[in-house]
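Student: There's a structure below that I have some questions on.
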């Protein structure tokens, strides 16, 4: 199926197959195709520019791309393409592809977008891309090229090219820019703490501490030395005794203050009211004696470890 144009153009339709069908898998690392010898005879008779560049079209889905040629050794009526190129063109094995010679301007700028972030994790991705693009003749906006490295295949989209949508990259200095990968996710922004947020956090921190019961010392039931349990009545009696003691002391202080005359401030008097002081001492001593006798009587009432003795022998 040959379509002849003017003397300076080449246009031909072929059935396409992957380059792996002729054991040339290394051609997957570039954009070179293999055409039949008849195409070389036709191109030689035309006044075309070198290097030879071609436009590939899949008219059924209206997709186009551009490529170079490596050899003219294919069977007549067939053409062999890299498989990634067939995928870009939505071509299956044995589909018809239209090939036309063309000329492209030299590229000055291309913008690429890796499919995965792993490609940018390589130590020097630009150097690897530079060596990979030596196998390419041209780039077309919208294409997805494949870059092999370290036994892995990295797919990269061509999202922009200047000065044209399709450019030649043979023997040219071209600026390369990378867009964020397709699987790139922006890091989450840290939350800015406002005064309301700070207060709520403080309340949350204080709540668990408030729920913890406070430690109250000297709590629980008391025990006596005689083995009896301390009841509420005994506790009340102890508290009454403790309350009565300071009142007795207070009465003594009042008596002492009433018997002793007040001295003038700022002076020390020796030998005055010796009789009164003697009487006071006698009074105090008598009371102390009474207290001692009361304590002795209490001691006599309570005796620990008293009773009959029993032996194990019987």
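Keep in mind that glycine also has a Cβ here, set from the backbone N, Cα and C atoms.
Straight out of TrEMBL:
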- 223-256: compositional bias 'Basic and acidic residues' (COMPBIAS)
- 277-298: compositional bias 'Basic and acidic residues' (COMPBIAS)
- 10-104: domain 'Ubiquitin fusion degradation protein UFD1 N-terminal subdomain 1' (DOMAIN)
- 107-181: domain 'Ubiquitin fusion degradation protein UFD1 N-terminal subdomain 2' (DOMAIN)
- 181-298: region 'Disordered' (REGION)
Student: Please work out the helix, strand and coil residue numbers for the domain 'Ubiquitin fusion degradation protein UFD1 N-terminal subdomain 2' (107-181) from the DSSP assignment.
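Tutor: Computed counts for the domain 'Ubiquitin fusion degradation protein UFD1 N-terminal subdomain 2' (107-181) are 16 helix, 33 strand, 26 coil.
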Student: Looking only at the domain 'Ubiquitin fusion degradation protein UFD1 N-terminal subdomain 1' (10-104), how are its residues distributed among DSSP helix, strand and coil?
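Tutor: Split by secondary structure, the domain 'Ubiquitin fusion degradation protein UFD1 N-terminal subdomain 1' (10-104) comes out as 23 helix, 37 strand, 35 coil.
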